[in-house]
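Read the structure below first, then the notes.
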Amino acid sequence: MDFRANLQRQVKPKTVSEEERKVHSPQQVDFRSVLAKKGTPKTPVPEKAPPPKPATPDFRSVLGSKKKLPAENGSSNAEALNVKATESPKLVGNAPLSGSLKPVANAKPAETLKPVANTKPAETLKPVANAETLKPMGNAKPAESSKPVGNTKPAETLKPVGNTKPAETLKPVGNIKPAETLKPVGNIKPAETLKPVGNTKPTETLKPVANAKSAETLKPIANTKPAETLKPVGNAKPAETLKPVGNAKPAETLKPVGNAKPAETLKPVGNAKPAETLKAVANAKPAETPKPAGKEELKKEVQNDVNCKREKAGAADNEKPPASPGTAPTFKEKLQDVRVAEGEKLLLQCQVSSEPPATITWTLNGKTLKTTKFVILSQEGSLCSVSIEKALPEDRGLYKCVAKNAAPEAECSCHVTVHDAPASENAKAPEMKSRRPKSSLPPVLGTESDATVKKKPAPKTPPKAATPPQIPQFPEDQKVRAGERVELFGKVAGTQPITCTWMKFRKQIQDSEHIKVENSEAGSKLTILAARQEHCGCYTLLVENKLGSRQAQVNLTVVDKPDPPAGTPCASDIRSSSLTLSWYGSSYDGGSAVQSYSVEIWDSVDKMWTELATCRSTSFNVRDLLPDREYKFRVRAINVYGTSEPSQESELTTVGEKPEEPKDEVEEVSDDDEKEPEVDYRTVTVNTEQKVSDFYDIEERLGSGKFGQVFRLVEKKTGKIWAGKFFKAYSAKEKENIPAEIGIMNCLHHPKLVQCVDAFEEKANIVMVLEIVSGGELFERIIDEDFELTERECIKYMRQISEGVEYIHKQGIVHLDLKPENIMCVNKTGTRIKLIDFGLARRLENAGSLKVLFGTPEFVAPEVINYEPISYATDMWSIGVICYILVSGLSPFMGDNDNETLANVTSATWDFDDEAFDEISDDAKDFISNLLKKDMKNRLDCTQCLQHPWLMKDTKNMEAKKLSKDRMKKYMARRKWQKTGNAVRAIGRLSSMAMISGLSGRKSSTGSPTSPLTAERLETEEDVSQAFLEAVAEEKPHVKPYFSKTIRDLEVVEGSAARFDCKIEGYPDPEVVWFKDDQSIRESRHFQIDYDEDGNCSLIISDVCGDDDAKYTCKAVNSLGEATCTAELIVETMEEGEGEGEEEEEE
């Protein structure tokens, strides 16, 4: 007999004490167990049944009663139910009851069902599975529970409701289509509601199923008004009443009880076949008690399911009707908030149900997402996902999934957090609240597939510890041809995101027409589309992330053909069929030394340019010219990378018809008999009110150096040509030095000394207008191919040098910078010279004891290195060195480096052993020997030099034996290398522990470095090393040291680089020492000290470690006082944060 026959004998439940309920709880029987034991008798074809009476009770009220109910028509289901009338049923889950089960509908408050779970009345609904192994719902003992409907073994009996994990929750009691669903509790009209069990008479109970007609079938259990609903599970509001247990599809709810064949009574839970009914409910073992799902989870699920269902009126048929079209999208699996480590994979998933299928749109912070190579959007059936292989900070924010079809749209969202700290291995993963889509296949009895279970994702590999940026790969210095494409690529490593910045001379490089910068996670590339001269320089790649920074540098040299020779070629010494053509060198050699010059000629007959000859010097003797033609000349410069454009064209020139005279005779006349041209000597003061352009036309540039630039000037009033020397003078100290030099030159009016004729001061420039000397440096003139070097020429040069220096000394002045670069030839043909550059000259008259610490190592006297008082004899030592080189092409003291050179000078060791002196006269050797005396008192003075037998020789009649110039050429090549690649820097700028006091060196007018001597060069002589720690008395305003820019506190990450920068002012140049926690710092690979001549000082600490966390002090000291500035370096070490897992668990 159908169990519903018992409903006719339903009596009002009797209240039982709490103790009795605890005693009898093992005999509770779940009503679904009763259904499982029933056979499948056949029933006649259902007839139309009359509408149910208002008093028809809900069958679940029977299960909540405390007594057995007699069966109708003499049959009883007491044995099937196995219930004692005096026993009270327990709630699902063995939770203690605070009252008896309430009636399902229209019952009084005291008769409503108590919460299903293990909660007290005042508590909200606990998860279905928040208790120990659930007891059967009826009053039967566990061993006496009803058999399942299908002839299954006891092991296949119904498992306790909810005895699975959250992802394995029971399938809803009604997994059928909307037409067959249990109506929401209380969502039908009063006429259709089931009256509560307690308010009905026995005669109003349900008729047996077999006798019922189709019209008399039970209405869905839940078709009552809100007031008649099952009380909420817990203290939930009516809107939170018992919904279908799981995420059932709307089309899978229970069939109507009536009007069905016996075998079809109460369709199985879910989509199971008749023989497999209620399998989803029963297939979990008691030991699989699940962890509770939170209150909020159930709430969301309940509300989800309510929104997913659509109410339909009318009774159900035997077969399930098809789903209604136009179902609004619903999210059966919603997005969950996610927290991932930077660099980990980010995966967001949700499941959307809709008919027809919805169009899915993803947004991040309101911006629509599209599939890229980094972000992958996918939709497989109802499963939608967003996948990002490596999450970055910009991927954090609010993600929203919007589903849209013909019905109203639906959406769900979640927050994604990307953190950069490594996640703890023991940290609890965020709880997964989503569920996977259910299988479309029917479950198999006795297997775990009865309920679709979402498996936990495999544990992710812990992310690598965050690291500061590194540059594991970077190009070496490069030399490229002009016009070539240049690509500088730096590979980067470390924790992303890493910002890459290219800089040149501390200025950031921006994309332009010629330069492109491309950054990626792999590195950064700087591309120069076509290299040009202005692209030369040092390029720095700076990489930074949140943990620190790192930089690397590369020097780029763009080589090209040289610039054309400056100025206009000049024809001189014009004879009957020859002339001497001279010109200036190129203003820029193209990054490679000019190897030769190509001379081109044009005549008035052929009227075309042709190459005449190739020479290495800046002058050439043109022969075989015809007197009836006019000639023009131009010159090209040649280096290893090509030939320059031609220079300006010379003026038209015609050769004379007078007979050619011997060259030597003419030179003798021009040198010995020719009188010095009269010079307009002037006393010059600096003009600060007018500009140089007011009086002179500024033409082409003749040269440049560290001091500034030299331009060709043409005096507007007279048309005379002068040289304008433009000095850079930014500070007041620099502007004071130039007038001092002009003041000395005002006293030096002599034919062998260059003259200053005017001076102007303009903003950052001071301009000196000087007498022009166009013959070039003395030693450059000597190695010219058309110049024959003999001892006779050497005597002529040394005589002029001695005359000029003698005049300087008579004025009480010492030059202190005599060297080949400061001896200039007046023209390209004769032997007349002039001394230039009086920037380091000092007055000895009334100066007392004067000590200096500057000079060029190869030509400086021992007393300068020893920091002893100087005298006029200091210049005589330099004259002796110049004479030694002039006659032999060898340098007496030059070593492989500056230290060796200084050691040789201080020891005054030299000799004439080389074969170069085999052809030199004894008088010449004696002259040199009397100048290169270590004791300056034993040296010849200028007057004695001019009276020496060697300089007294008659140059007209003496034998002119030609000397080899090969050694001189080698010497000049070595000197050129030293000037460009190994120039000595100013004293006070090089030292590992401290900066040594002294004067800043500067280049002479010809570009040769004039540099003070560093302590490193003096380490070979212990007796003089202390001399360089003393202050130097100079004719400059003395200033106490101070910092115009101080160092600042730094905070860096272990493994990166730190840099302290400051700027130091003061004179004499301060001694600078760096300290780390009161300990002086010695320069090494770890600690690098950089100091330029402008006073900028830097301490660079590479590969910072924890030991570098300290206070750093820069101290500057000179004779007037001292100054310090201090900053702190904070080093952050990389440590994994503790307690992170606990924080995540709390969340």
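Numbers run from 1 along the shown chain.
From the backbone N, Cα and C atoms, a Cβ is placed for every residue, glycine too.
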According to Swiss-Prot, the disulfide-paired cysteine of Cys1062 among Cys1105, Cys1114:
Cys1114
Candidates are Cys401, Cys414. Which one does Swiss-Prot pair with Cys350 through a disulfide bond?
Cys401
Mean pLDDT, the repeat '14' (253-264)?
43
How many whole Å apart are the CA atoms of Tyr867 (phosphotyrosine) and Tyr807 (phosphotyrosine)?
26
Report, as numbers and ranges, every residue of the chain located at least six residues beyond the compositional bias 'Polar residues' (644-653) whose Cβ falls under 8 Å of a Cβ in that stretch; write 'none' if there are none.
561-571, 574, 579, 581, 583, 586, 590, 600, 602, 604, 609, 630-638
Compute the C-alpha separation of Tyr681 (phosphotyrosine) from Tyr807 (phosphotyrosine), stating it in Å without decimals.
15
Inside 10 Å of the Cβ of Tyr867 (phosphotyrosine), count up the other Cβ atoms and send me the figure.
20
Tyr807 (phosphotyrosine), number of other Cβ atoms within 10 Å:
19
